[in-house]
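Q: Quick one: the structure is below, questions incoming.
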Amino acid sequence: MSTMTPAEIVSELDKHIIGQAKAKKAVAVALRNRWRRQQVADPLRQEITPKNILMIGPTGVGKTEIARRLAKLADAPFIKIEATKFTEVGYVGRDVDSIVRDLIEISVKQTRETEMRKVRSKATDQAEDRILDILLPQPRAVGFGGNAEHANDDNNATRQTFRKRLREGQLDDKEVELDIEQPSAGMDIMAPPGMEEMTEQIRSMFSNLGSGKKQRRKVKIKEALKLLTDEEAAKMLNDEEVKTKAVQNVEQNGIVFLDEIDKITSRNNEGSGGEVSRQGVQRDLLPLVEGTTVNTKYGMVKTDHILFIASGAFHLAKPSDLIPELQGRFPIRVELDSLSVNDFEAILVATDASLVKQYQALLATEDVQLEFADDGIRRLAEIAYSVNEKTENIGARRLYTVIEKLLEEVSFSAGNHAGERVTIDAKYVDRALGEVSQDEDLSRYVL
């Protein structure tokens, strides 16, 4: 679980997302409150439930990116899911309980990796011993007294020399034969609606059939060391303990990001006739968000303290079009702003992995030095903003289209210009994009 303060969380988000201070603050406080709650003593701790967040804003302004970056900072089980994937119980499709099942799978994987890291050092030593046993088989005891001791000393000295060479990577390309446990063959079973639990049990039963079998393989020592380290680390783990910790982690720290929630509002489906009732999906979400118990293959999981963050563009609908009960489950509402020309300019250059840095790195692999002048950056931002205003507003995603079109010729012929420098200034931008950006009909199709 993350112990970062709200200011530190916002500072980290600022490295990747421009603007949207209100949304960043709301998310940072919600994440910090998870830690604060853990410091409160029972029974009051059980009464403190997370305050779910509804992010409202046009497409391409950073809603999904905030969630994606939050996942890395949270150090907690996190799942991002589109609300449109689900159907009302009784219809063909996924039911909302599968959100929790997917989240617990993520938590088990995360917990297993955490526990394996704790024992990795010891597992690596044991893996090295197994490889050294293959390279230097133990000599059979021959003779008595001093001779046997002398042989043992020699063997230990040789073993230490080989261990040193192994750790320095000098033996990486040498091949060895190993008996490696085969992973159990996965079996995909189509689940009828409402029978996901039975399907999981059948899948688990079949997956255990092939487990424990060993296969003899010839691999390089570098790969062998990794395989054996994973095998030894897995032996040290207690599976029941991992499952218990994973369930506890989901219940106390889990975060669910529900994207496109505006697409399941009733207004969007007025007059839709035979379409599956989206209002039914909202009603199915209610108990999950409010707090219920979901049966999974790892045991019962309570959702009372899972944090839900929902987001939507709400172009054709309003938050008030959600059913009242669901509206009440998202007490914190944050509106994200549309992007200005200055925001576009900052997105191009100010973030840690900005588009400009990405394209410079890509073309540097062909020994082409790409430079962006300040006036070139400004002109790019103005064109992206202008096209958004004239056609559909897709936010920062417009920059991908604009810069890809701008660098199309450079990218295509980069191999012929090795060692050269290409400067992108306002004139270059106008020459490449001017006609397309000014012609509204053309920009609809090209940009």
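Just so you know, glycine gets a Cβ as well, placed from its N, Cα and C.
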Q: So Swiss-Prot lists Ile18, Gly60, Val61, Gly62, Lys63, Thr64, Glu65, Asp259, Glu325 for ATP; which of Arg120, Arg130, Arg167, Arg397 goes with them?
A: Arg397
Q: Given a 10 Å Cβ-Cβ cut-off, pick out the one of the binding-site residues Glu65, Glu325 that has the most other Cβ atoms nearby.
A: Glu65
Q: For Ile18 (ATP binding site), which residues in the same chain are close in space, meaning a Cβ under 8 Å from its Cβ, but six or more apart along the sequence?
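A: When sequence neighbours closer than 6 are ignored, Ile18 (ATP binding site) has Gly62, Leu339, Asp343, Ala346, Ile347, Ala350, Thr351 within Cβ distance under 8 Å.
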